[in-house]
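S.K.: The structure is given below, and queries will be raised subsequently.
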Amino acid sequence: GEDKHIVEDQITLQRGEPPVFTKPLRPVRVPEGNSVTMEVHFTGIPPPVITWYRDSFEIQPSRDFQIFTTENSSSLHIPEVFAEDGGLFTVKAYNKFGLVQCKAKLNVEEGEIKEKEVPPEFRSLTRDTKAVQGEPVTFDCQITGTPPPQVHWTKEGHPLPESPRWKFIKEDSNYTLVIYEAQPLDAGVYACVAINTVGKATCTARLTVERPEKDIPPPTTEQPVESSIEPPYVVEEPQMVDVEEGEPVHFTCTIKGKPHPVVTWYRNNQLVKPSKYFRMDSSTEG
């Protein structure tokens, strides 16, 4: 009787079941830059060994391909999918009673990468400025950020409204405030404020307006106000210059107009900003 029980126990211990997928892999379509999880459920006695493959190459667990397996399920998680991650995925389940596999495609849609959000940052700053009454004034700054920030200008902490006396210019990541003819009432602290979904940045500069050495004479009755207005026109164009590499170079341009026009310089259709490489000087004499 005792020997019979031993034989029955041995038979019970050897009894098993081959692996079966109760939930096989399913095809997945995901935009590039998103995360994705592929999953299978299975049965088997003893619990089968699970192996993942992409295009016939075994996937080794890593930070980019995270594999989680229990006695009856296994999942592959990709935190950030790129186009080259797409392909035919295979899961194999094996124990000593059998081997099964299932396959499904991962399609990655290109061109929809989710950009990493970055708060606004000033790459070049506007600086304190002194101007003579009647002269044009410009404040320039360069701002980066993802998503692109909303930018506005303030004076003494109050939003600067639209006005025929000044203009707001945006070119790519460059932002400029132009005051056509500075007046004493324009003096004060100006700020460029950049805001996006993940942050805010502010750059300030003070404008000081000085009165001219000689008062500007008022228009006479013989000279109507209209005659003192002239559109800008070029008197002398910049000339071609040959210089050795590393040597300084100077370009001159004479422009007339009433009131004094605001002048900006461009290189290869790109706005030239004041920096340690470029310096712009202007006078009201042309």
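Here the Cβ of each residue, glycine as well, is placed from N, Cα and C on the backbone.
Just lifted these from TrEMBL, have a look:
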- 18-107: domain 'Ig-like' (DOMAIN)
- 120-208: domain 'Ig-like' (DOMAIN)
- 139-158: region 'Disordered' (REGION)
- 211-231: region 'Disordered' (REGION)
- 232-286: domain 'Ig-like' (DOMAIN)
S.K.: In this predicted model, what is the average pLDDT of the domain 'Ig-like' (232-286)?
M.R.: 76
S.K.: Sequence-remote contacts (6 or more beyond its ends) of the region 'Disordered' (139-158), Cβ cut-off under 8 Å?
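M.R.: Same-chain residues near the region 'Disordered' (139-158) but 6 or more away: 115-126, 129, 168, 170, 173-177, 188-197, 199, 201, 203, 205, 207, 273-274.
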S.K.: Could you put numbers on the helix, strand and coil content of the domain 'Ig-like' (120-208), residue by residue per DSSP?
M.R.: 3 helix, 58 strand, 28 coil
